[in-house]
Amino acid sequence: MHPRFQTAFAQLADNLQSALAPILADHHFPAMLTAEQVSTLKNTARLDEDALAFALLPLAAACARTDLSHFNVGAIARGVSGNWYFGANMEFLGATMQQTVHAEQSAISHAWLRGEKGLAAVTVNYTPCGHCRQFMNELNSGLDLRIHLPGRAPHTLRDYLPDAFGPKDLEIKTLLMDEQDHGFTLTGDTLTQAAITAANKSHMPYSHSPSGVALECKDGRIFTGSYAENAAFNPTLPPLQGALNLLSLNGYDYADIQRAILAEKGDAALIQWDATAATLKALGCHNIDRVLLG
């Protein structure tokens, strides 16, 4: 078990501990539960879906990287597939505050990058900030997405974001978590192809500036992130943050990164290179390359 989970795990009910122990035994537990695992945990712990999600929130919050605020927020995105995806906030010392990943963004991008097609609910241990409410409004679940908070009745995103502005106001039909493939040809080595594949998945209906990042760890594991734009612009999630989020959720540290590649168009309206390189260098990675999409 990764050390970050030990305190939260010890506070769980005995029957839930017994059911979770084999799942968490892997040091690189992927911070997600399959639909089958969720069903098993519900039956073993004798909890309904909402109660189980609340019980697991401390494990999600344990994934937080909060070197600046020391305020851990955890979230669980519940996919329409039945799979659950952990998320937690991430802060990057030496970078800028704008590079921060919020817990809801973490869980949602986690689900998206693993191929989830839509979300039914998000469970989070603190009220979503305005930034996250706007980020969630980009999803194909729209304002019907259920938000679950401890000690409160569940509400929809519509309740938390009245008079919402979103992609429909800009006549955008393809939403975040809808399947997208921009068709860029895969070239180069495995890591380069992974970055291009991530760029092909980008959600960028406002700038038309696709980008993807691939990070290779010292053990050969590769994590990718795709660019996810937002109708309000500022809640947009850069591709590097998506990749770093997956890397961290899987129990890796920034020191494990040995190489990084950004894929983007050289003549795009928005360029990720400077911000990507600066953040990676702040985290100790200097082997950074860029491939231009044709």
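Glycine too: its Cβ is placed from the backbone N, Cα and C atoms.
Residues annotated as domain 'CMP/dCMP-type deaminase 1' in Swiss-Prot: 48-168. Helix, strand and coil content of the domain 'CMP/dCMP-type deaminase 1' (48-168), in residues and according to DSSP, is 43 helix, 26 strand, 52 coil.
Look at Swiss-Prot and you will find Asn89, Met90, Glu91 tagged as substrate binding site, backed by sequence analysis. Cβ neighbour count for Met90 (substrate binding site): 22 (other Cβ atoms within 10 Å of its Cβ, all protein chains included).
Here Swiss-Prot flags His102, Cys129, Cys132 as Zn(2+) binding site, drawing on sequence analysis.
Non-local neighbourhood of Glu104 (active site, proton donor): Ala75, Ala77, Gly87, Val122, Val124, Pro128, Cys132, Phe135, Met136, each in the same chain, at least six residues away, with C-beta under 8 Å from its C-beta. Residues or ranges marked as active site, proton donor in Swiss-Prot: Glu104.
As annotated by Swiss-Prot, domain 'CMP/dCMP-type deaminase 2' applies to 186-294.
Mean pLDDT of the predicted structure over the domain 'CMP/dCMP-type deaminase 2' (186-294): 98. The two recorded residues, Cys129 (Zn(2+) binding site) and Met90 (substrate binding site), show a Cα separation of 15 Å. You'll find the Cα of His102 (Zn(2+) binding site) roughly 9 Å from the Cα of Glu91 (substrate binding site). Each residue of the domain 'CMP/dCMP-type deaminase 2' (186-294) gets a DSSP state, and the totals for helix, strand and coil are 35 helix, 28 strand, 46 coil.
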